[in-house]
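Per TrEMBL, the feature active site, nucleophile maps to Cys335. TrEMBL lists Cys338 with the feature active site. Residues annotated as FAD binding site in TrEMBL: Arg141, Thr143, Trp154, Ser193, His196, Arg228. Per TrEMBL, disulfide bond is recorded for Cys77-Cys82, Cys335-Cys338. The feature signal peptide is assigned by TrEMBL to 1-20.
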Amino acid sequence: MLREICLCLPFLALGGLLHTELTGVLDDCFCDVESIDVFNNFKLYPRIKKLTEKDYFRYYRVNLKRPCPFWPDDGHCAIKDCHVEPCPEVRVFLTSCFSNQSKQAFADWARHDDAQDHFCELDDETSPDAEYVDLLLNPERYTGYKGPSAWRVWNSIYEENCFKPRSVYRPLNPLAPSRGLCLEKRVFYRLISGLHSSINIHLCAEYLLDEGWGRSVWGPNVQEFRQRFDTAVTKGEGTRRLKNLYFLYLIELRALYKVAPYFERAFINLYTGNSQEDSATKELLLQVFNEIRTFPMHFDEKSMFAGQKLEAKTLKEEFRLHFKNISRIMDCVGCSKCRLWGKLQTQGLGTALKILFSEKEIQNLPEHSPSKGFQLTRHEIVALINGFGRLSTSIHQLHSFRLLLKDNR
């Protein structure tokens, strides 16, 4: 019998009462309410935040010039905060400081990548229009990008890619048994909903509060948070959206758990040209993996695509192609900074799915040399860690919103 993963989230009722804390073990699972919040906020978040500030992970190669493949360009955000700050040339060690040996190693790894494992478009890695962006100089925040263009992107993602009956309008409750959706299709919807919720939390937490005196002030916007997650305003959907965020967190956490042996091999070096920095980055990454191993309630990906072999293979390919289509829709985002973070987080989730559902061996890769088996590109590694870092930040920011809502009662 397929077991639905438990969602360990305090029930939020953001309209009247702030929230009702559930304690102890929840029904039909082995986790308690506090476990994910405590694990993330006090153990993992500080480490993952420090890791994403390391040089190897702060620079992301992305093509922000690729046109929308689905509809004519409907204009770009003209607000200055939509603009992506270019990477200072002197700091782009990624293109200038690789040794010939390292460049050759990365080229060898790239040749072994299996295109059938990819859940996202690869253009950002290979296009001449792709550039390195310093993520610390371009934080994810509310830029003012909204309206028909933004709605069209998310509507396309939900309506065209989410395995749901045409008669059902968004937002769909993927857990309702009357829908007749299999586990894989429910999971797909919940991943997209969780990603949407995570992005919305970031925008609420880093909202443009004031532009006075030529200096922008950013901070949490409680009213905006209520609009997106208050159960009264969202007709009960707010709580479900937040549960889907926690579900996505568990999915990506499981991917990191599964891929840890890949990085623990001695010859895997997170290369930047600074050996001392590289060693410190690798050590911090291994600390993150060791922390993840202490978490006792990981998602069981073996429950998916576990039916009749041919049917399961067809469903898995459909799953992959639908997600790949979503990565292409991100090129339709009119705000450059929003597009940057949308593409990065989509790539991060796509990499997590590649890890979870790869048929190639990860646990027993050669210890001292590259393998023609499972491989990750630098682009995928950076997206994977930063994508999970965004989810970890979302859960950390949720705690802050709970305190603010409590103070505003």
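Including glycine, each Cβ sits where the backbone N, Cα and C put it.
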For the FAD site made of Arg141, Thr143, Trp154, Ser193, His196, Arg228, how many Å separate the two farthest Cα atoms? 21
Of the recorded positions Cys82, Cys335, Cys338, which one sits closest to Ser193 (FAD binding site) when you measure Cα to Cα? Cys338
For Ser193 (FAD binding site), just count the other CB atoms lying within 10 A of its CB, please. 25
Between Arg141 (FAD binding site) and the residue listed as 'active site, nucleophile', what is the CA-CA distance rounded to a whole number of Å? 12
Find the shortest Cα-Cα separation between Cys82 (disulfide bond) and the recorded positions His196, Arg228, Cys338, and name the residue that gives it. Cys338
What's the CA-CA gap between Trp154 (FAD binding site) and Cys338 (active site) in angstrom, rounded? 12
Arg228 (FAD binding site) to Cys338 (active site) - Cα separation in whole Å: 18
If you draw a 10 Å sphere around the Cβ of His196 (FAD binding site), how many other Cβ atoms fall inside it, taking every protein chain shown into account? 19
Starting from the Cβ of Thr143 (FAD binding site), draw a 10 Å sphere and report how many other Cβ atoms land inside it. 19
